[in-house]
Structures are given as structure tokens and as C-alpha cells.
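Quick look at what Swiss-Prot lists:
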type	residues	note
BINDING	8, 95	Mg(2+) binding site
SITE	32	site 'Interaction with DNA'
DOMAIN	141-583	domain 'Topo IA-type catalytic'
SITE	151	site 'Interaction with DNA'
SITE	152	site 'Interaction with DNA'
SITE	155	site 'Interaction with DNA'
SITE	160	site 'Interaction with DNA'
SITE	167	site 'Interaction with DNA'
REGION	175-180	region 'Interaction with DNA'
ACT_SITE	320	active site, O-(5'-phospho-DNA)-tyrosine intermediate
SITE	322	site 'Interaction with DNA'
SITE	515	site 'Interaction with DNA'
COMPBIAS	848-866	compositional bias 'Basic residues'
COMPBIAS	878-888	compositional bias 'Basic residues'
């Protein structure tokens, strides 16, 4: 007999296995083993006629959730049940947060072990931590389970109640979510502010001066004793000067005249000032600050940051990555201070060990901050990590070490200079002692380079000095609208407002991008027309559900449930039932919402009407007695739609496409058109005989008005054959694809090898030599998988059989068939002969068409002890007809659970 330890993932299982005695068997649940039904297909036959069946929550019987085992988890559950037969003790070692507690609880309810059960928790996977956790097991925390379950039910109630309303009133397949919709509204509000923003222009002067051959710069501050205007002096809604501002506003002509008046006049230093100051290091990372800094420094999305951090945690490199605590254990503080002393010297160590306190709204679970694992921190270049894993680990290491370093000491320098009636100011900064800057500068990837950039050197100057003015320049400025949210700034705002939980931000941002509410534009989150329509409807009819304050108070209630301060059932009843509950609100407003109004979007500074149609957004404008409509290209957002763009779309609709010229070889006309996916060139007209003329999209950044005949001919000739690869003898071509221009090497049976073009590369002019350089570079991104090992060719089709490393461990791949390595096999021991039967078994199992019923448990409201299964929920028998369309996006916002 053995002791069965259950964790979430195979990677975590492999790492933990190294630290446990021989008689411990570690298995993975692969995440949650039960959940609410994801679709009508998963609802068991016994419940399909219930009015609440599609909701998956029996609101008539104490909000009893209907839990099912997803089809993808049935094999896992069966394997765990088999492993349980040989166990004399079960240890549930899932993560130490609400989701982890919930997974353990579900495993307990599902497996119903007859042997002793323990709950083991840890926040890092090291030998010391695992052994300590093993000696300090506890029971399942029912309050944490209630909090997770309440959050899950809330997300389902909001998603499944509001989403169908959006389908009826705006467009099929839309979704609403408890946190998702608030995030979308923030992004839409920012875009509205940008559209309403009125730009104001103003000018100032910049002087290049010299003292004892040492150059420095100064900026005009006052004229005739009155302060010069800057951007903060203007009203963002009108562009006019704010009424209480007593400032001088220069236009271009006045700035030029002032420059000419001051040129050649003597300058004098009238005041100097030095202000000493300190810069303190930032606290170690929480989930949200890690996401923000990884996005700023490394350009990694919140979703990818969490994926990489999860891997680092499961492999024992960092502590648990879902936390809002900035606290460090005494051992961690000691480890960080040892690193400082060894690498930078004692003078860079803070005089006393530093501890930090969490200031974010609603901070909860008592984890540590994210830091390198263990009592001795591994130096990044000695970990053996590569690529993103190394970059993220190094970021965490630097931040943790820096938090125990001495403050940086700086001096702010200010020199006031006068010429005629104008006063200029030269500002400088001197770093007297770099302190923690030596290891970490927030927002910078290179501390040494950042250190140089931090300093602004001024020559020694004193009152009465007369520096030489070498040049005066006029500088024009325009006030800027508020910046669009990036992933980093949205995460920061969500956390500061107390909306959602840091552990859910990555999935929320991923969801709003995947659902088409937001597009990424140069790291900025740009809302789509659909986002505007949905937010307008929710603001008008369900304002609480998109209000940050209301959503923040919901989070506080969930936190209170987690510590037993608030009862979960009364809270759910108050939210959903009764006259003011969500269920009744939706019923009442369903008849009040006019689809024609819901589909219309009002945009600042735009006379044309924008509407959401069956095939996407379009513009509508009256022209005499007619109403002209024109589709809006899919990649065009409200940010891009202005009166000029509207005129272009309407002109194309009424007058037909612009003609670039005649193709020199075919004699056919070449047109430029704008379609649902943006502008493209077309060879010839679409006729009955030629229904699909040759078309090619314009490369990103190329405007329709900039297209020449030569460029159009080149685009229509794509793909270009560049020549043969010197090693394979196969063709290399250049072309345009969904993700932009690329080159491709056709390797025959080995598939096609793609590389994106870079920088100044032009798909129309790239040479074979340059293509070979690109192909020689290692692949990047999602499709860049290089086999760990090539096992050989499959005897049936001579296609390669390879080993790859995926998120759940090493697997075998042949064509489209993937097979996991069986227990006991490793990358070194697996052979082609062993792989073939595994692939055959996997391929055979994929051909089965019989479908088993979903295993279900309808959970009641009473929970006795953690070892007992929950009661089966019952409900009054009613029949509700529902139409299910497979293509609709699921309204469930399970990704928001956290």
C-alpha cells in the first residue's frame, strides 16, 4: 500500500515526487475534475427538462450547483479511482488558494475515499517546504470552498442571464461577465474621452547653453514675470485655456519673434538650488505587479506571464505566483540579503532587514510575495533556464534582491537663468549613491544603462555666472488625449479599484480580446464597435453591473465569505432573486430595450450613424431620400473612424472602387477596395464568369492612397518564388498572410518552415540571400516548436514521429495524433518501436463515436464534514424550450473565477 498525493499538474507532480519518500505516489488531477455544465450537451438527461438546466444552478433550491465531470476529465478521474484502491492514505496537495481548495474539495466528494484524508499546503516546491507541509497538514477550509463556489455561481448567473439578452438585442454570440464587462467599460470610457478630447497647441523655447565648454539645456519658464503655459493648463473637453490659469500662451509666430528678440542677448544665472532626496526600492512582486512589470519590461502579455510563472513555480524556481501579499519570510529576507552582500557588497545592503505591507484594495490570502524559491536564491544565469522562463525568473530575482538593498540617494539640481524679461530653467539630477538602482530600475531592462539615463549632468554654476547661449529653438506642443490602456495599466486600474482578483486578470484580458471586444494596437487595448454597443446597453439598463464600486463591493463580500464573516446563500439570494434581483431586472428590461437603439452607436465628432448588423458594424447616412450604408472593415475600430474615413467608405459604395491602373501583362484594370478585413487590391472586375478575381490585402501600414501601379502588380503576383534552398533544393517563397509578410521554405515531408519579415524587409523586394538569413534564425512564438527528439519515420506513411514538450509534459507526435508518454518512460528511454503502439491506440480511441452520459452531482446547500458527499439537489419539474446554436460563444465566464 502507498500514500496517494494528488496535485493539479504533471509538472508539479514530477517536482514534488523528488522530495517525498518511496512509498508516496503522486498523481495529477489536471486542474478541476468537476464543473458546472459548459453546454446543453453536458446537462444530464434527468435534468434537461428543468427550468434551470442550462443555467446549471438550481436557483429554486438554495442555489444548488449541478456539477458534471467534463468529458476530457473522465479518464483522469478513472485513473485516480484506480490509484486510490492501492492507497492507505490520501493527501490533497492542490494550490493554497480558493481554486486549489475547491479542487481538493471536489476530489474528496468525487473519490469518496475510505482511508484517512489530509490537506497539504505549501507556497514553494522545495525539499524543505514539502517536508514541512507534510508534517503540518490540515482539514479542507470550508469557508474558502464557499467563497470559490459563490464566485463561480455569481459568474454563471451574470453570464448566462445577460448574454442571451445581448444575443437578442445586439448580435448573436456576444457575452457579458461580472468582471469582464467592467473591464470593457473602462476601456470604452477611455476611448470616449479620447474622441471627446480637443487638442490645444502651444509653443515654448529651448536653449542650448555652454559654461566652460560644458553644454547644457534650459527651458523657458516665465515671460515678463508670468508663467508659460503647459499641457495641464488646457481644458481637455474644449481645448481652451482653463479659466483660472494666469499664464502666457505663445503661438508659433510669437515664439519665433521671441527667439529672434533674445538671440545674441546676454544670459545670467540668477538662482541655483540643490535638493537632496532618496528613492526607495519597490516591494517584491505580487501577481498584479508582476504582470504589469513583465508587460512593460519584457513585452509579455498578462496571460503569458502567468503561464510562464506557473511553469517556474511547478518546477521549483519561484514561490506561488497567485498572491497579493508583499510579505517575505525571514528565510527569504536572509537569502536576499546574502545575495546583496555577495554580489554588490555590504555598502549596498539596507541597514536593517525590510518588510513591506500590502496596500492594494481587498488584499487577501496570506501567501508570501512572489520570489525565488528556497533558502538560497539561485543566480539567474546558473539556473539553466532559457528564453521567457529565464527573463521572468531574472525579473523576479532582481526585484526580490533589490527590496533588501539600500535606498538610492540623489540630488535634484535647478538653475534659474535670465535673459531680458525671460526666465529659463535648467534641471539636473545627480546620483550620489545608486543603492538598489545597481540591481533593479523599475520599467528598465538594463540597470546600468538606466543608471546612466537617470543622471542629468549640469556644469558647476553659481549666481552671477554668464553662460554662453549657442542656440535657441522654438518647440511646438499639442496637448495629448488620455493614453489608451495597456495590459499593464488596465491591471493596475482593476487592482486599485478592487475589481476582480489579480489571479483572474490575465484570463479576463485574454477573454475580452478573444471575444472581439478589444484589439491590440501596439500594446494598447483598443475597443471595437461591438464593445461600444454592449457597454452602452449595460450602462443604460444594468448600470450596477458595470460600475467599479458595485463590483468592488461584490469582491469584498466574497472575501468576507472566505473568512466566514458573511453567509454565502443569503448573499446569492439577494443578488439574483426578488424584485431588485438580476433575474427580475432582466425580465423587466427585456421588453423595454429596443434592438434598433441597442445596435446604434453614437460617437463623438461623427455625424454618420454606426450600427451593429448581422455581418458586423456598418455606417448609415441619409443622402436625399435614400439611406446609404457601407460596411466597416473588421480591423477598423472607433479609434480610426473619422469623417474622412466615412467619406472614403461611402464613396466606394456609391461610386465604385478606385482604379490604380491597367495591369501591364493582362490588360485588366486593378482596383483598390475596402472590405471587411481592410483594404485590398483586385485584378479585374467581379463578373458572372469571373466571380472570384485575384485579390491581395495591403500590407499593414500601407494606405490605399499610397498604392502605386507597380506596387499593386507586385502584390497581385504574390507569392514570389525567390529561388531554391541550397541544402534541400526546395523552393523558398515570399508572401503575405494573416500575420503579415513572411518567407516560407517548402521542406516536402518535413512540412513548411515559416519566418516573419522584420524591420525594413519588403515582401516585394526581399532577396533569396535575406530569406536564407531569416530562415537560419530560430523560430519564435506559438508555432515555434522544435522536437526534443526525432524517433524516426512512421512505417505506414513515412511521416516523422517526434517527441515534443508541452504544458503537461513530454508527448509523442505523428501528424495530428498526440500520445502522452506512459508512466516509467522518459525522453531517453522511448523508442520508435515503443511509440508506434501508443500512437495506434490513441488514433483508434479518437475514432469512437459513442457518447457516454456526463457524470453528475447536484450539490445541495448543507455541507456536513469535508469527508461526506453533498446532498443531491431537487427542483420542481418544469419544461423550458431552448434553442442551442453551436457557434455561439459560451456566455459562461468561468475564466473569472479566482
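Numbering starts at 1 and runs along the chain as it is shown here.
Backbone N, Cα and C atoms are what each Cβ position is placed from, and that goes for glycine too.
Across the structure, residue 155 (site 'Interaction with DNA') and residue 515 (site 'Interaction with DNA') are spaced 16 Å apart at their Cα atoms. In this structure, of the recorded positions 160, 167, 320, the smallest number of CB atoms within 10 A of the CB marks 167. For the region 'Interaction with DNA' (175-180), same-chain residues at least 6 beyond its ends with a Cβ under 8 Å from one of its own Cβ atoms are 154-155, 158-159, 162-163, 166, 494, 499-500, 504, 508, 511-512, 515, 534, 538, 545, 551, 554, 889-891, 893, 896. Listed in sequence order, 28, 29, 30, 31, 94, 95, 100, 103 are the same-chain residues six or more apart from residue 8 (Mg(2+) binding site) with CB atoms under 8 A from its CB. A simple way to gauge crowding: the CB of residue 322 (site 'Interaction with DNA') has 25 other CB atoms within 10 angstroms, across all the protein chains here. The two recorded residues, residue 32 (site 'Interaction with DNA') and residue 167 (site 'Interaction with DNA'), have Cα atoms 29 Å apart. Counting other C-beta atoms within 10 Å of each candidate's C-beta, the recorded sites 32, 151 are led by 151.
Sparsest Cβ environment among the recorded sites 152, 515 (other Cβ atoms counted within 10 Å): 515. Among the recorded positions listed (167, 320, 322, 515), 322 has its Cα nearest to the Cα of residue 152 (site 'Interaction with DNA'). Residue 95 (Mg(2+) binding site) counts 24 other C-beta atoms within 10 Å of its own C-beta, drawing on all protein chains shown. Helix, strand and coil content of the region 'Interaction with DNA' (175-180), in residues and according to DSSP, is 1 helix, 0 strand, 5 coil.
Between residue 322 (site 'Interaction with DNA') and residue 151 (site 'Interaction with DNA'), the C-alpha separation comes to 17 Å. Confidence across the domain 'Topo IA-type catalytic' (141-583), taken as the mean pLDDT and rounded to a whole number, stands at 92.
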